[in-house]
Amino acid sequence: MTRHFLRDDALSPAEQAQVLDLAAAYKTDRYGYSPLAHRAVAVIFEKQSLRTRSSFEVGIAQLGGQPLIIDARGTHFGRGETVADAARVLSRYVDAIVIRTFGDDRLAELAAASSVPVVNALTDGFHPCQLLADLQTIRERRGTLAGTTVTYLGDGANNMAHSFLLAGATAGMHVRIAGPDGYRPDPAVLAEATRIAAGTGGSTAVLGDPKQAVDGADVLVTDTWTSMGQEDDGKDRITPFLPYQVNAELLAASADGAFALHCLPAHRGEEITDEVLDDPAGAIFDEAENRLHAQKALLAWLLDDAVQSGASAPTGTAPGTTAPAGTAPGAGAPTSSAPGGAAPASEASVNPVRGA
């Protein structure tokens, strides 16, 4: 069956751990594996990109594959030709399709018509490739994911908040979302994350008070307050979010050794201060680098049956990393946990998309 990666919950806890183990191995040896030899991957952009384009193009080449970069503005993709028809054609040419687009319905239409794996490189609803990089970064710093408390501050309705809920819950983490009224996560996404967390030892919480949200947190995460496409919506996207700025004061109120993450690009002085962003001991630029390694691991896992089964998976981890506690490389869900925020009541659940 064709496996797609449309949302963070497309991977089980064991599968997520296996991809992260691969990412650590690829970071240790960038050029030692060629699972994409003689394969081509289309990378389609309907939204502008720097990190996504660079990391996918370089990563596919490092794995021995041929990246086919497509700027949708210069093609008939979705204009005059349906997304489904384009997917059927591309499936005859390439071995996988990566797309950075707007609506999740557009992504779902592409995946439904594709006979090759489709990867979500960012939509309005989710940013799952970024979360693999973030989880890799946290694991490098802390040695484990299970039991880690992560607080996302800012627009709780954006794609990074949604992805942190799903990916963090899958990893057995305690995920807190803190933001002003009117900027809270989609209830269906929150409910699904809460359901997943119940099985992994994690938890979810939505809070309004930023100081309460960061108390005891190991990682603070933020993103731009104005996402692409929101620039002209007429809303004040500064004033309501100012209490949620990631700064030295909030970091000091967090757990000892806490650090910040930001997927970039950053609006310096808005959602994050220069002091935090430029901290030489910070993790944000390690996080940016890990897009390369995590996405290589994901593509190898999706396209190489031997890698997915563990038969030819690279072994070893990057310096300073270990597999999640209680989890053998490539197997088993995280089992340990630490106290975290209380989980809110569940609402309607969302089923992960696992194939065409």
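Cβ from N, Cα, C; glycine included.
Curation does not apply to TrEMBL; its annotations are automatic.
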Carbamoyl phosphate site partner of ARG100, HIS127, PRO128, CYS129, GLN130, CYS263, LEU264 (as recorded in TrEMBL), chosen from ARG73, ARG79, ARG237, ARG291: ARG291
Binding residues ARG100, HIS127, PRO128, CYS129, GLN130, CYS263, LEU264, ARG291 (carbamoyl phosphate) - maximum C-alpha distance in whole Å: 15
Among ARG100, HIS127, ARG291, the one of these binding-site residues whose Cβ has the fewest neighbouring Cβ atoms within 10 Å: ARG100
Where ASN159 (L-ornithine binding site) sits in the secondary structure, as DSSP reduces it to three classes: helix
ASN159 (L-ornithine binding site) versus LEU264 (carbamoyl phosphate binding site) - Cα distance in angstrom: 13
Binding-site residues (CYS129, CYS263), the one with most neighbouring Cβ atoms at 10 Å: CYS129
